[in-house]
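Annotated zinc finger per Swiss-Prot: 15-56, 88-129, in sequence order, evidence recorded as sequence analysis. Residues annotated as Zn(2+) binding site in Swiss-Prot: 93, 96, 115, 121. Positions annotated as domain 'B30.2/SPRY' by Swiss-Prot, on the basis of sequence analysis: 269-452.
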């Protein structure tokens with residue numbers, strides 16, 4: 001091949017960021033290609049759209065696929081470059097004057113074929129140098145993919161911690177006021193119990209606030225460690241073959257050690273402090289509901305994403321839903337227009353449920369649809385996330401940092417007061433009171449639950 005054409009061909013296999021042959025190349029929607037690690041490291045803020053470093057256009061692509069054709073051609077070019085390096089005078093075997101085409105796994109050295117069969121190396125494991133180099137680069141890429149997922153997870157956790165810290169003091173203040181309001185509704189005034197409860201709540205809030213700040217600092221440190229290791233792995237992929245072989249084991253040990261140091265987020269949770277007399281007061285408004293028995297044919301289920309809540313389920317896209325899963329959404333047979341009412345529902349062993357009331361128009365217009373948003377819904381929801389569960393209320397959507405109810409949840413509806421209160425019956429504690437509800441009577445009890 002003409003040397004000029006060869007140079008042009010080789011130039012097309014060079015990443016414009018690192019100026020080395022592509023490793024795991026990706027092509028973004030503007031048409032330019034980069035090493036995946038280079039593109040990721042150049043993407044400074046994961047919360048915003050990535051920008052092409054060549055044409056400066058933004059790209060909406062996030063799940064980038066490897067350009068297999070470009071990857072194979074870059075591998076061929078790298079192997080050709082390696083063969084040229086191995087045929088240099090410095091790399092020729094001094095004993096046999098042969099090219100060092102074999103790699104010894106035991107002493108991490110390059111050998112010619114005759115040396116690899118010598119008495120010294122005969123019992124060692126050997127493999128072709130070209131294959132060993134590419135195999136190690138592939139292993140480094142696999143580690144980088146795993147590391148990138150960790151970096152994304154840490155980024156999400158850091159954002160979540162930042163949001164919690166920003167809202168925490170307001171959340172604590174609202175919770176204190178809600179607990180104080182419950183004590184003041186009692187016929188008998190439990191002043192000392194109220195003071196102890198509120199003081200404990202204030203102290204817990206301060207302790208958790210400190211834990212959140214400490215956790216954020218640890219995650220910020222983890223972010224720098226993860227990024228540094230990702231950069232080191234990327235650079236190792238481009239090292240000369242001798243250094244790649246000699247340093248490979250050390251960098252993998254550093255990688256494994258780093259994973260043990262990555263900080264996990266704090267899941268803040270107040271203790272479930274009982275309120276004396278709460279259940280006695282609420283049971284004075286007790287009603288017993290009858291649920292409509294038509295189970296939704298679409299296996300309606302609850303998804304809780306605190307950025308875009310959905311009520312409903314799609315068996316095709318939820319790996320937790322199987323043929324044996326029981327998913328349903330039902331309304332009460334009776335509705336409420338005015339007055340005060342209290343009822344309970346036993347959630348059993350379900351970790352995925354929503355329970356509350358809804359405005360009439362929500363029921364009439366959307367009862368057979370997947371529901372996006374929360375207009376007209378006044379719910380307490382529980383969503384399982386790995387081994388942890390999150391509680392939240394709607395209207396507006398608010399995380400609730402209290403223990404998950406173990407069994408029975410109670411709801412107190414005050415139509416004139418425009419409030420919906422949720423209580424943990426077994427612990428005799430208040431979960432949350434939704435204030436200033438935009439009721440549009442009649443109001444219907446609603447329950448959405450799944451059992452796996």
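Every residue, even glycine, has its Cβ placed from backbone N, Cα and C.
Where Swiss-Prot records a feature, it is marked here on the structure.
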{"residue": "93", "record": "Zn(2+) binding site", "CB count, 10 Å": "16"}
{"residue": "96", "record": "Zn(2+) binding site", "CB count, 10 Å": "14"}
{"residue": "115", "record": "Zn(2+) binding site", "CB count, 10 Å": "20"}
Conformational class of residue 115 (Zn(2+) binding site) under the three-state DSSP mapping: helix
Tertiary contacts of the zinc finger (88-129) (same chain, 6+ residues out, Cβ under 8 Å): 82, 135, 241-242, 245-246, 249
Overall pLDDT of the zinc finger (15-56), taken as the mean: 86
Residue counts (helix, strand, coil, in that order) that DSSP gives for the zinc finger (88-129): 8 helix, 11 strand, 23 coil
